[in-house]
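A.B. asks: If you look up TrEMBL, you'll see 1-397 marked as domain 'Amino acid transporter transmembrane'. For 46-68, 97-114, 120-143, 210-230, 250-269, 311-331, 337-360, 372-397, the entry in TrEMBL reads transmembrane segment.
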C-alpha cells in the first residue's frame, strides 16, 4: 500500500507538470485532459492507445461504482433485518439488481450536469461522505479489536488450500490496491479547474500530496484494524460483509454515506467521457433544441417561453449510464472486477504515459543514469501490473463459472 502511494505521488507530480507547456512559437499551451497531453507530447498514435485504456478505466469505474452502491444500499436493509430478527436470521433481501437500477436512474439525472466546472457542490459532498464513512469504518475496527481483547490474523494472511491459490489471491489484492489510487486519469481535468496564481501545477502537487497522505492513512487503518478484528473471517467489504452488526444505525449511516459518495464518484469518472464525445459531436451547442411549453399549463414565468434541451447530451449520457448499469447487473462480482480493472489499467495510465511525457518534456537523453532509472521504474511497475492482471483475470472467470 505504501509503495503504491509512493508511485502515485511520483506519477501525479509528473502529470501535473504536463498541464502547461511554454512554446516559444505558440506561447502557452494548456493540455486540458490526459488525452490532450499525450497527443501533444507523444503524438496521435500514443493518443489512440491512451484513449483506449482511459475509456476502459472510465467505463469500468462506472460499473464498479454501480456495483458498490447497490451492495451498500442492500446492506442497509440487511442491517435493519439483523437488528430486528437477530444476527443468525437468514435476512434474505434478494439480489442487487433493483438497487443498481435505482442508482442508474439517479445517474441519468446527474449526468445532465454540463461539466466539471458545474459540479463543485457534488465533489464537496462526495468528499465529505468519503471522509465520514472512512472514520466510521476505522472506529468500528478499533472498537472490535478492543472488544475481542486479542489481535486476530497473522503476517502470512489468510490460509489457502494450495500455494497456487495463495498466489492468485495476492495478485488480486495487488490489483485492488492499484484501483484504489485511480485519480491520474482525471488529474489534468481537475487541474484545468484551478485558478492561478499560484501556478496550477504547484497547487495540484500540493493537493495530490495531501489527498494521497489522507487516503493512504485511512486505507491502512481500515484494512489493518479490520483484519486485526476478524482475522481469516474478514469480509471483502467491512461495511457490507457484516463483520459489524451493531450499532446498526451507525452502519446504516456509513453505507448511506458510501452510496452518496459514489453518486459523485461516478460523475468524476464519466464527465471526461461525456466531454470527449460531445466535442466530436460539435461542441456544447450542438443538438440544442427549443421545447415549447403548453400555454394551458401554469408554469413559472421564466419557463413560459420554453426551454432549451441538448438532445445529443440527453441521449448519449443516458445510453452510457444504461450500459454501465446493464453490465453491473450482468456481472455482479465486486472484488474480482475491481482487481482486474485496477491491474489492467495501472501500468499504461499511471506509469507508461506519464513517464514517456516526462522524458520528452525534460529532453532526457537515452542511456543516461536518469533515463535508466526511469526505465527501470517503469519496467518494475509493468511486471507488477502483469502479475496482478493474470491473477485478477483468474479470479473473475472463476467467479463467473462457479
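Using the three backbone atoms N, Cα and C, a Cβ is placed for every residue, glycine included.
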A.B. asks: Cβ under 8 Å to the transmembrane segment (337-360), counting only same-chain residues 6 or more beyond its ends: which ones?
C.D. replies: 7-8, 11, 14-15, 17-18, 34, 37-38, 41-42, 46, 49-50, 53-54, 56-57, 60-61, 63-64, 67, 171-182, 184-185, 331, 371, 374, 377-378, 381-382, 384-386, 388-389, 391-393, 395-396
A.B. asks: Using a Cβ distance cut-off of under 8 Å, indicate which of 46-68, 97-114, 120-143, 210-230, 372-397 has the most pairs with the transmembrane segment (311-331).
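C.D. replies: Comparing 46-68, 97-114, 120-143, 210-230, 372-397 against the transmembrane segment (311-331), the winner is 97-114.
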A.B. asks: Can you work out which residues elsewhere in the same chain, 6+ from the ends of the transmembrane segment (210-230), have a Cβ less than 8 Å from its Cβ atoms?
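C.D. replies: Here the qualifying positions are 1-2, 5, 8-9, 12, 134-135, 137-138, 141-142, 144-145, 148, 151-153, 180-181, 183, 238, 243.
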